[in-house]
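Heads up: the structure comes next, in structure tokens.
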């Protein structure tokens, strides 16, 4: 599905992490390239902290990786280990103070953190710390985590991390850097991804394998749920701190969030999406003339649908590649213009055809309605919207910014009512089983709470004393 | 094919034009949207001039449409007619003075010009004008054209344009605006495109039909070769000034330059490209496992090849959507990183496969070499590069920035030598006839000089007194 | 007097010129320093063009010298001669296209121009040129001048300049640069200043001697009215082209415009201003306790008044040195705050005192009113405003931006009425004779039209066909 | 004395504070104006935090007040109380994270701090806090102070502040803001200034009275040494927490740091400086022709010297008002050019004269040497440099950035040796007694440690565990 007119329907990608312990390389530039590959996980701010064994150097700002960094800015970031972060953030919190990594000095020296995920008991911990005299500058979970680590600062860093993991509940993949250690931590359920790569003698930790490919590193393995991975001059060692018996990897990474060329648990994302499309064709076979995707995210599933159904695949919607983040919103009168600026139907492909249009997910339904209308105006005889995931009915508490529950169209309306609303001749959502089947794993290895309402880690409670909104990281 | 590491192989898109004579609408914002749709035709600078019947207001700068304009800048550009321009320009000429439209005051009042194309006798005219006391601020053809018009300024604007057309030789689509007229001019051979649209009572002139779609206008017709179209408060009238008996529409617009959702002469670009792919499959049938495109421009031909050959179509190369115009170039050592930053092969798709890879054109061959290598490294058993156009052997003098002739790989090397250079198992170029066939028109309606060396309008000579480099507009 | 709240009362400084023909030096950086010294003559835009004997290189933009130029921008401006310009311009014309120097190519090669002054027959010439086919991009006199030179382009540059000088009427100091010549031209009446300096073998032309001091050059002499000075590799030669019998040097340069450390015709500006203050004390002796200046421009005259009267000089008004060009305007309610932001009275100095306050000129009177009020609020027993020039009653047509005539307070009101309006106990203006006396020259060597209405060069007429507003340069 | 070529000799102004508890006013804009008036106390960064009783809003950045803030940025800063800060900082620490005010959430809610001064036991406290689990993001004293307050967070804010004052040693004027309280704190010795103003029912706290004048507020009184002033909706109340028996107001505020129109302890700064000049004339009467100031800071003392000696006062050095913070440094060859860019002697005033030149202080002596040379080159017969303060021999530990001790010229050289070094015919420094006498107060009410080496508060020790450089605030 597309993000149309800034009234984005899509769940927001959360954050991306990249860390490297390098040997004879420019770690800041490597991190820059790694973050470039992870840009889809967060476009609002980015930062890099580098350590030379003694001191940290840091640069972070609002903006894309390519805007925030240049040669001149990277040049002084000398060192042999680095961590970097890309972040999506809400407008209100769009302040430099909230960008990551966060650097601190504590009892044992310097420490830098970058975080992907969301805690459910951050406010309880915050209150506990405040009673003990802590102050907070941000509303971020990351600051809570670092202050917990500092409280356990009399221990070694490994022990401090293990104690901290006992305190915090929720979804997190963390990169921690000290003067001379690069550490990766993944929550006991393994909700958010984190993987290990190697390039020569240098180790890399990254949210997705596409970042390893980009820097020419070899994929070693995923970090295990509950694992702490410590990389220093002696290489890599691991502590399996507190693995949960239940796995809960976010299935939405497969559906939409991750980059198509990444692999999770050995499965390639684009192939899983294509399998979802094939599954969709089996569940909802239809007599039609062409299959078209909603670009770009609907392409793999549309190819899968076409493959399984034998209906020809055509690119019937042209996406403008130059739509930037700033953009003059049209008046109501020019509403259609604005949609067409992003997405233009090709009449010569669509006219007179029975069209199957494939999208990866539908959240609020307003964009789908606009696109269906455009396809009709371009002369389609029929328009059937096929969605390669189930209906989204529940908010995410584990690091993804979905809409408020009352904006999720499937909460209040039946599929038939949604079909009428968007004006399609047919509307079908892939079954939960079909979606899981396409991943090749079993249902109990995933968190699919946004579809099912079953939250494997529980949900967060807001505590009275700290009424700050929690942010997605 | 992709533009890799700023060592762009692709012929550069030249310029894009958009003009509107509006009734009850915000013409500046309409032009902004139109230029957004034409952004692929020029990313270096852009400008808009608006007339309110008495005065011109203008804003132009280096940068993308979305960077140069915002609400605050557009707000004061009040009027009922406007012309806009997007432009590719070489680095050296990247000066505000060279951005278009160019506004002047002459004997009859105000005049603004925007130009797409290239003259072959600009320097001769320049010298002629200088002898008569003219001064020049730019090296652009546009300034030459406007000064010619001014020399004939005692005549009506139509007559001045007709006289000017007798003087100038070359390829040009022009938008001319006076205080209360919007005028379109296309050269007698019709090399560069220009079309007419209508939205309510308002008329629009644009380089491509995708711009008409974007602003919700209806396509009326292409401007004829040699035609002058004058739009004012009374509507549209036309003068067929000096049509050539030979048509010479640039076939490279179909091959690569134009946006897939545009139509020329009633033919949709993406369908023509798909037909080129089918044609390629007929000319070079091959036993392979998968067909993959070089994204984005190779996609339609790859789909056509897959369709005609029956070999499955897979998206085996992931393109990073966040690569901006500024970008830290990697050291030689990190060369592969840089390529993978833009384009990453998906091993799970490619490994163990005999791969047909489809690209739209090959100019220097260095990028092809890198991609073929990447595909091999990802485990392909065989890689066959199929190119949906013939070998490019001759520079363009009509408005496209091709490489210097000695950089065109096909000039010095045979196809077999190129195949060896890029390291492919097979390399095939679509035949001239096959390419033309796919357009559905006859060969003599096109300029295909970059493939054939037959220049229908002749080539430019540089004149001693004015040794300024000519620029593409 | 101060410029308060952007409702500047002061006649605007016009333009500043600096040119150098260098031997073994970095001419661009020298010009940068020279323009820095002339910044008071124009703060809106600046530019430098450099010639290396073959080509011009140019950089210009809106902003102060220190903002527009830096090492990186100056580095590529290699050459051995250069001209530079600082400019005041009205808001509407604040476009890069109007910044100077203006560079052109004409029949004989390259030419660059920078101009200080204003023509009175520019529109007539503009119309004459347009009839002959000329087009204009700007409303500036400079473009008219360069097009006239081009019309005479078959002649040598000296002859072309001499012919041009016959055509144009008005005030002008010009720098003209060809590939290998630096030329200075001053109008026959010598209205605007231009002087010659030498540093080693290198020659310099500049608007004021302070620029010579700054670059360490020796003052040689002023350029004579009507003189053309040509500097090339052979040194300096001069043509006295068309000297008028009447001199008309702008007396306002002495009153306010020029920098205190500059000399004109051998007279130091700050000493002349001090003499004006002494003269004022002789014309209007008063019984008072302290003399205070309106900083900064009123300081020399206040010192002169104190010296002649024997009344102690105190700095009773503190000027904020950090007020930049951008500035949040206060609401009406905070009006006084805004004034005090720029200028704060020191109560301990003023309270209980009879105050003589000296300013150099009064144009609209609104600022004077505010300052007098502030002085009273700070506890002054009496406030007498002494102005070291006569009442300004007539607009300038020769290169200074005075207010519209109906905004000049002295046009409609008597001195007594003005005194009442500004709320002073006394108000006195230096007599015309006293002002001239202080310069040490005779009245007929000056243009004092703004005070007398006697325009030695006539005034400009606006021509119907070219109703563009003329700008000050 | 002037700051020349960024090799500034002057002790750096430290920080400026402005806070307001407003009734029916735009407190953000008021703070903006107040900070504009205090800009001389810090030009590197600035920030404002506003409270609406529930939430804080903050904006801060590197740059001048006029650069960092504009209407658009101030508009959302709604509330009824605010604090603001201007800051000088060293280049290395030029990071947004170090700008003030610093905002935190602690047990009792929100708290914001702005600080002027320097602690001498910050590192000891830092270490103490770290042992207890604290982390630090900055090297600033302000963060130490806020963490101490939080440690005492179970107490009321007044009690927490009183406990904190027992812990910290050093010079500090503090503004503290909670959701609904504006609090001012001044250290027990009263080293740095802080005053109280009132505008209608609104209270203001500011570093200098010039800020009160600027916003149209009435001066109430200085905050007492050791006093805590709490302003809320009920008005102002005061706690005299821990006044020292010894006063130690920084005498350098009178000599150079403060703005001439400010008053401390009822004494006007410019009048004190003038008295210093008179004192200087009494201590060192000389037979000379003119007295000239080194602008701008030498002006009041020069006027005093002239008044007492009867020697005429002339402005013989012209200061360029347009030298910005960025500036192209000249090559060694053009060294003199660079000096003259900032300061140009007026030959017609100086030539043939015996010159007394008055400056406020001499630190390293290099600038004095350059200026004396310039005056000689302009033809002076004799040059006597008179300095209106004693020799600076000791570094400041209380909030001013003086040079390293080995750069203070008076440490190693006698006055006679300095005279020779700078090339003056005479060199005289005001006596300590003379300087104090001019203030009208007694010696024991001041800190004059930079002149005497007697540090009334002791000096700071660096602690091993926290080898971070302390910054001036």
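Glycine residues also receive a Cβ, built from the backbone N, Cα and C atoms like all the rest.
Heads up, TrEMBL stuff is auto-annotated, nobody curated it.
Counted within 10 Å of its Cβ, the other Cβ atoms near residue C:15 (active site, nucleophile) come to 28, all protein chains included. As annotated by TrEMBL, active site, nucleophile applies to C:15.
Feature annotation from TrEMBL assigns domain 'Glutamine amidotransferase type-2' to C:15-234.
According to TrEMBL, the feature [4Fe-4S] cluster binding site maps to C:250, C:396, C:447, C:450. A simple way to gauge crowding: the CB of residue C:447 ([4Fe-4S] cluster binding site) has 26 other CB atoms within 10 angstroms, across all the protein chains here.
Summarising the annotation, TrEMBL assigns Mg(2+) binding site to C:297, C:359, C:360. In three-state terms derived from DSSP, residue C:297 (Mg(2+) binding site) belongs to neither a helical nor a strand segment and is classed as coil. There are 22 other CB atoms within 10 A of the CB of residue C:297 (Mg(2+) binding site), with all protein chains counted.
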Most crowded position, judged by CB atoms within 10 A, among C:359, C:360 as binding-site residues: C:360
Cα distance (Å, whole number) from residue C:250 ([4Fe-4S] cluster binding site) to residue C:360 (Mg(2+) binding site): 15
Cβ packing number for residue C:250 ([4Fe-4S] cluster binding site), 10 Å threshold: 27
Spatial neighbour of residue C:447 ([4Fe-4S] cluster binding site) that is closest, considering only the recorded positions C:15, C:297, C:359 and their CA atoms: C:15
Site with most surrounding Cβ atoms, counting all protein chains shown within 10 Å, from the binding-site residues C:396, C:450: C:450
Distance [Cα-Cα, Å, rounded] between residue C:450 ([4Fe-4S] cluster binding site) and residue C:359 (Mg(2+) binding site): 17
Residue C:450 ([4Fe-4S] cluster binding site): secondary structure state under DSSP, collapsed to three categories: helix
Of the recorded positions listed as C:15, C:297, C:359, the one whose CA lies nearest the CA of residue C:250 ([4Fe-4S] cluster binding site): C:15
Mean of the pLDDT scores, which run from 0 to 100, over the domain 'Glutamine amidotransferase type-2' (C:15-234): 92
Nearest of the binding-site residues (C:297, C:359, C:396) to residue C:15 (active site, nucleophile) - Cα to Cα: C:396
Residues within 8 Å of the C:250, C:396, C:447, C:450 Cβ centre (excluding the [4Fe-4S] cluster site residues themselves): C:191, C:251, C:252, C:398, C:400, C:448, C:449
Integer Cα-Cα distance in angstrom, residue C:359 (Mg(2+) binding site) to residue C:396 ([4Fe-4S] cluster binding site): 20
